[in-house]
Amino acid sequence: MESSNKLKRGLSTRHIRFMALGSAIGTGLFYGSADAIKMAGPSVLLAYIIGGAAAYIIMRALGEMSVHNPAASSFSRYAQDYLGPLAGYITGWTYCFEILIVAIADVTAFGIYMGVWFPAVPHWIWVLSVVLIICAVNLMSVKVFGELEFWFSFFKVATIIIMILAGFGIIIWGIGNGGQPTGIHNLWSNGGFFSNGWLGMVMSLQMVMFAYGGIEIIGITAGEAKDPEKSIPRAINSVPMRILVFYVGTLFVIMSIYPWNQVGTNGSPFVLTFQHLGITFAASILNFVVLTASLSAINSDVFGVGRMLHGMAEQGSAPKMFAKTSRRGVPWVTVTVMTIALLFAVYLNYIMPENVFLVIASLATFATVWVWIMILLSQIAFRRRLPPEEAKALKSGCLAVSRPR
């Protein structure tokens, strides 16, 4: 099946931007935000702003290294080059663990979403179905994969924007709510903005960091980007801010039109909120959207681990067979390994369908924070090795440094 060990550069700027959006705007927002709201109340908005600022700093650091050396193994390679082989080895495998855990959470959420429409069907059946479908998609050429992910994410982002606008229509004019504007008093009338205190807001950061985890896939796409010197800086500069706006905007709308302490955790809080308001057609549409969002996120998860393991195999940190690619330039061995690993999610959803998500999200957050710390440490070491003129350009805010030829 394989003809070489080389990946193909088939991802354009729009592919990369929407892949990053697709990876980061998914289960953490549409499902995990319910747990974050429960912990912090309205102050979860502040937690998402803090998380968004942290994500932007991490992406700037990763972007500098990705433009200079666009490798498929990305921050694992950078940790190896600038911090040593052990750091690269641990970072690469930690990321694979992180995204595997995130993917398990994503496929679990997919089963929960399908349960809204088909409550009699066990979650594990939907989980098994989506794992097999995503495996098939990831075995296509990277260009086809990028195009599918673009449309997945485009539809998701467009719907989020429409939902935010519709939410403001309910808040200001009462559209769809019998002409009764909800206003924004729900943000402070149920125990105050810090309803669970500062500690509640801090505790919610665990779910917030889980939500932002996956955005680092921008660095991994550098190995298959057509023009990484241009596409990576554009994605780095635009995607984190857009994600921050989407997260804060959507949660602001949800908690304004419906009391935060009545947001349930038996499905997407977005779907449940519109159901409680009696706007059932909107709830059905949103459930379809969150299904699409989870498909997009799972798609990016499998892509990210597949490319990371491929790059690690090339640098000697993973079995050599992981470096094999198909004639289309797809690392089919690593995609297959990731798919087999995801079958564990089927088992978890069979034995403990009610508690899988929160347990998995907690594990993923630890791995996400580790990877982000290693990216920052690698970037500090990277800057120390740059020629003075390039280091000066970076300090002045110029992301696109010239890479060695």
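Each Cβ is built from the backbone N, Cα and C atoms, and glycine gets one as well.
Automatic, uncurated: that is what TrEMBL annotation is.
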From 89-109, 278-298, the residue range that TrEMBL assigns the feature transmembrane segment: 278-298
Chain residues in Cβ proximity to the transmembrane segment (124-142) (below 8 Å; excluding those fewer than six residues from its ends, i.e. six or more beyond): 7-8, 10-11, 107-108, 110-111, 114-115, 148, 224, 294-295, 298-299, 302-303, 306, 326, 328-330, 332, 335-336, 338-339, 342-343, 345-347, 349-350, 353
Beyond the flanks of the transmembrane segment (356-377) by at least 6 residues, Cβ under 8 Å: 28, 31-32, 35, 54, 57-58, 61-62, 75, 78-79, 83, 87, 90-91, 94-95, 97-98, 101-102, 104-105, 108-109, 112, 206-207, 209-210, 212-213, 216, 219, 345, 348-349
Any contact, the transmembrane segment (40-59) to the transmembrane segment (330-350), with at least 3 Cβ pairs under 8 A: no
